[in-house]
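> Here it is, the structure, as C-alpha cells.
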Amino acid sequence: MKKYILSLDQGTTSSRAILXNKKGEIVHSAQKEFTQHFPKPGWVEHNAQEIWGSILAVIATCLSEADVKPEQIAGIGITNQRETAVVWDKTTGKPIYNAIVWQSRQTAEICDELKEKGYGEMVREKTGLLIDAYFSGTKVKWILDNVEGAREKAENGDLLFGTIDTWLVWKLSGGKAHVTDYSNASRTLMFNIHDLQWDDELLDMLTVPKSMLPEVRPSSEVYGETIDYHFFGQNVPIAGVAGDQQAALFGQACFGEGMAKNTYGTGCFMLMNTGEKAVASEHGLLTTIAWGIDGKVNYALEGSIFVAGSAIQWLRDGMRMFKDASESEVYANRVESTDGVYVVPAFVGLGTPYWDSEVRGAMFGVTRGTTKEHFIRATLESLAYQXKDVLCAMEADSGIELKTLRVDGGAVKNNFLMKFQSDILDVPVERPVINETTALGAAYLAGLAVGYWKNQDEIKEQWHMDKRLNQQWKRKQAKSYMLDGKKQLKQQKLSNNHKQCYNGDKLIIR
C-alpha cells in the first residue's frame, strides 16, 4: 500500500493539511481559515479551540478528497506560526485565555519594564533574541498576571504552556505528549540556545513556573502517536516539528552553512544557516535554532519583517485598490517607477534591524500626479527595501557574501516583486518548483524520523528550481536607487509627533 507523509501547517490566518509523497511532491491539500480577534488596538488573538477544530477539519477533508486511507499515513509533521502562546488547564484541556498571537503588541509595557531593569544584555546572550512583545515569554506572563486565578493554578502545577506546535501535539496524542522542538523553544524568550535547556534566570525574570513548560526535543523524532478517535482509529506517529520559518529553511534544502531563504508570507522572514555555530548579531538580527536532528543542532541568523503579504492584503481589503492580490503586479508594471513615492509599511512597528514597536506606517513624495499604480508599486518596492536591510545585516554578521537567495511564500508568484528584489539585493533569486516549502520541511522532518526518507542528501536531490530571476541592474544602479529613495525620505517634513533617524544607509521613520 502506497504511503504518504501528512504535514499540518498551522499558520496565522489558516490551517492546512498537505499530503506529500516519496518524491517530495504535493499530492493534495486542504485549507480552512479561522477567526482573527482584535480586542484592542495592537492586540491580536486566536481561539486555540477553533484552531484545533480547523486542524481536524482539514485532516478529514484532505484525506477524503485525495482518497487516501488513514492507514496510508506513515507519519505526521507539524509546522506552526511561531511565538503564539497558549496556556491551558492540564485537567480539562481547555485554554484559560485566547492564544496571544506573535503579532500582538499587548505585552509592550512588560517589555519596557524588563528593558528598564537592565535585562536586555542577559536575554540577548542566552536566547539570541531581543526583549520584544513578539516573543512568547511576555505573553505567558501577561496571561498569568491578567487571568483571574491563573498564577495560583500555574504555581500549583495545574496549567500547561505551549506554542501552537505543543498544543497540537498534546491534542493529537490525547494529552500524552507535552513537547516542543528546539526551533520553537528558541522563540520563547525562556530557552537558553547554548545549553539547550529552559533557563531558570529567564523564568525568574518573567515569573513563569517551570512546571508549565513542555519537554524540548529534536525537530525530527517520534514524539508520540495519534489517539484512535482523533485519527480515524489509527495510531500514526507524530514525528516532526519545526516553527514555520525554520521548516521553510529545511524545505528549501538550505542545509549548507551560508545558504539562505526568504519567505514572503504575512510577514517576511529571511534565515541563513550558520551551521553548528550560534553567531551573535551586532546588526539587529536574531540568533535562533534552525533545527535539531541526528544529535546535532543547527543555528540560523534571522531577519524578521512584520509586514509583507499583509501590506498587499491591506491594499486589497483596506484601500480597495484591487480585488485579487495577483492584480498588484499588473498595476505595478503599468508605470516605470513610483515617481518619487515611498511607503513605510510599519503597520505594527518595524522588526529587523530597527526593532521599534512605536513607529507607524507612512507614505512620502505624494503629488497631484500620484496614481494608484504609483502607490501599489511603492508598496511592493517597500518589501524589497526591507529585505535589503536584512541581507546587509546578515552578510555583516556572518562574514558570508550571499551568492543566491531561495524564496518562497505567496508573494513569490509576483514576478515584479521578485525581479525588483533581485535588483535591489544584487543577488539572483531562486524560486522552487514546489512553493509549499514550509509544509514540505515539516514533512521531511517527520519522514526522516520514521525512515520514509533516508537522509538529507536524498532530500537535497528533490529540490528543483522553477525560475531564477537574475538582477538586471548593475550594482552602482541599485545603490543609487536605494540612496535616492532615502534622500527623498529625509527631505520630507514630518509632523511634530515623529522624528527621523538616519544611520549610514538606513533610514527609519519614528
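Cβ atoms here come from the backbone N, Cα and C positions, even for glycine.
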> Suppose a student reads Swiss-Prot and sees Arg82, Glu83, Asp244, Gln245 listed for glycerol. Which of Tyr119, Tyr134, Tyr223 should they find annotated at that same site?
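Within the candidate list, Swiss-Prot flags Tyr134.
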> May I ask you to find which of Thr12, Thr13, Thr35, Thr338 Swiss-Prot records for the sn-glycerol 3-phosphate site already listed with Arg82, Glu83, Tyr134, Asp244?
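Swiss-Prot names Thr12 for this sn-glycerol 3-phosphate site.
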> Please work out which residue of Arg16, Arg82, His230 has the most C-beta neighbours within 10 angstroms of its C-beta, and give that one of the recorded positions.
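It comes out as Arg82.
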> Around the glycerol site (Arg82, Glu83, Tyr134, Asp244, Gln245), what further same-chain residues have their C-beta within 8 angstroms of the site's C-beta centre?
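Checked against the 8 Å cutoff, the neighbours are Gln81, Thr84, Trp102, Arg187, Gly243, Phe269, Ser304.
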> Go through Thr266, Gln313, the listed binding-site residues, and name the one with the sparsest Cβ surroundings, counting other Cβ atoms within 10 Å.
Gln313
> Among all protein chains shown, how many Cβ atoms are found within 10 Å of the Cβ of Gln245 (glycerol binding site), not counting that one?
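For Gln245 (glycerol binding site), the count of other Cβ atoms within 10 Å is 28.
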> Reported as an integer number of Å, what is the Cα distance between Asp244 (sn-glycerol 3-phosphate binding site) and Gln313 (ATP binding site)?
20
> Near Asn414 (ADP binding site), which residues of its own chain have a C-beta under 8 A away, given they sit six or more steps off in sequence?
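The answer is Ser326, Ser328, Glu329, Leu380.
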> Select the closest residue to Thr12 (sn-glycerol 3-phosphate binding site) from the following binding-site residues, measuring between CA atoms: Gln245, Thr266, Gly309.
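Out of the listed candidates, the nearest Cα belongs to Thr266.
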